[in-house]
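Worksheet for the structure shown next.
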There are 2 protein chains.
Amino acid sequence: MKDESGILFVLSGPSGVGKGTVRQRLFEEQTELQYSISMTTRAMRPGEREGVDYFYRSNEEFEQMIANNELLEYAKYVNNYYGTPRAFVEETLAKGKDVFLEIEVQGALQVKNNFPQGVFIFLFPPSLEELKNRIVGRGTETEELVINRLKEARKEIEMMHAYDYVVVNDDVDKAVQRVKSIIQSEHLKRERVEKQYKRILEVE
Amino acid sequence: MKDESGILFVLSGPSGVGKGTVRQRLFEEQTELQYSISMTTRAMRPGEREGVDYFYRSNEEFEQMIANNELLEYAKYVNNYYGTPRAFVEETLAKGKDVFLEIEVQGALQVKNNFPQGVFIFLFPPSLEELKNRIVGRGTETEELVINRLKEARKEIEMMHAYDYVVVNDDVDKAVQRVKSIIQSEHLKRERVEKQYKRILEVE
């Protein structure tokens, strides 16, 4: 079904949850995915290549792109801009290829605003059991500690609200397998398939 | 995550598409699924068991259940009623077990009306390529034949409109694998998971 356009998948979640590991393992298996290539104003390092590691732009060019709304998200770290160029994502999707973006929560929420048709996956810390344990502990914790943990858990759960799916990272292999199921089943959604079938009826 | 309630999956599609084969193969692999047990007014045959093969009811009892809206769908074949009792489905889901129902299109549409929170999967004949070929043929077909095929294809595509997913049955193993992905990813949807996480926060 190559006349189908691709889907943008965004993997995100709290820091330290293991997004990078899941993404890396996924890319070892799922070769049809295109990793979203970021744009940056930092200097190119030896061995890096334009359009492979990053798209390299001057500060002025980057700020022009921000002004033109040509980035799905961006942020500034240590005086350098980093962002996701909309054009690269859209051109890849138009070729029928899925794009995969791994990003922290703030960035994902920006992408969601600028590209709501993406599929947003929230990677959640180990397990529901562990969340419970983290909150109540062994019953010997101070009330203050339990309240702090509750606050923290609440913040994480509020963050997941903007996402379509939640994948628990209790085990990297299982998490990768879950992400693969999501990628596959999103392509089976009736709205997407129906369009293609209808197109055939129109063409003939 | 056993405090999560189950999901009703409905597999349907045009007659002859291979629903039974896909369902059978799926059940050989996916042992946690509960097959939806039908209710019937036909007599119990030797070797059959109440609540295993069917729930056996008298004509009067069945018609009373229809009147009470206790069936998710029903039909009459050769003077006997067959239907899907709502109570069995709901009790199984409440135990956290998924229910799987394989049924023809008319029945699936009844279930959709009575239980819209189910997940509806449309099994589609072999492939998009084949659909195209079936319509235009080898270019030697009469206009009338092409028009008839177009009509038929349109009817099938209209039927899929009430469904959530479309699975092409080009290969039984692949079709089963796709259905398994749908089952898994439906359990990863944020709306379902979020509820459980929030429950933990409330309880403590």
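Using the three backbone atoms N, Cα and C, a Cβ is placed for every residue, glycine included.
Annotated features, as they stand in TrEMBL:
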DOMAIN    B:6-184  domain 'Guanylate kinase-like'
BINDING   B:Gly13, B:Pro14, B:Ser15, B:Gly16, B:Val17, B:Gly18, B:Lys19, B:Gly20  ATP binding site
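Under DSSP, B:Gly20 (ATP binding site) is assigned to a helix (H, G or I) in the three-state scheme. Using the Cβ center of B:Gly13, B:Pro14, B:Ser15, B:Gly16, B:Val17, B:Gly18, B:Lys19, B:Gly20 for ATP, the list of other same-chain residues with Cβ within 8 Å runs, in sequence order, B:Leu123, B:Pro125, B:Asn169. Compared over the binding-site residues B:Pro14, B:Gly16, the count of CB atoms lying within 10 A of a residue's CB peaks at B:Pro14. Every protein chain considered, the tally of other Cβ atoms within 10 Å of the Cβ of B:Gly13 (ATP binding site) stands at 26. The least crowded of the binding-site residues B:Gly18, B:Gly20, judged by other CB atoms within 10 A of its own CB, is B:Gly20. Averaged across the domain 'Guanylate kinase-like' (B:6-184), the predicted model reaches a pLDDT of 91.
B:Ser15 (ATP binding site) carries neither a helix nor a strand DSSP state and counts as coil. The C-beta environment of B:Ser15 (ATP binding site), restricted to residues of the same chain at least 6 apart in sequence and closer than 8 Å, consists of B:Glu104.
Around B:Lys19 (ATP binding site), the same-chain residues at least 6 positions away in sequence with a Cβ under 8 Å from its Cβ are B:Leu11, B:Ser12, B:Gly13, B:Glu102, B:Ile103, B:Glu104, B:Leu123.
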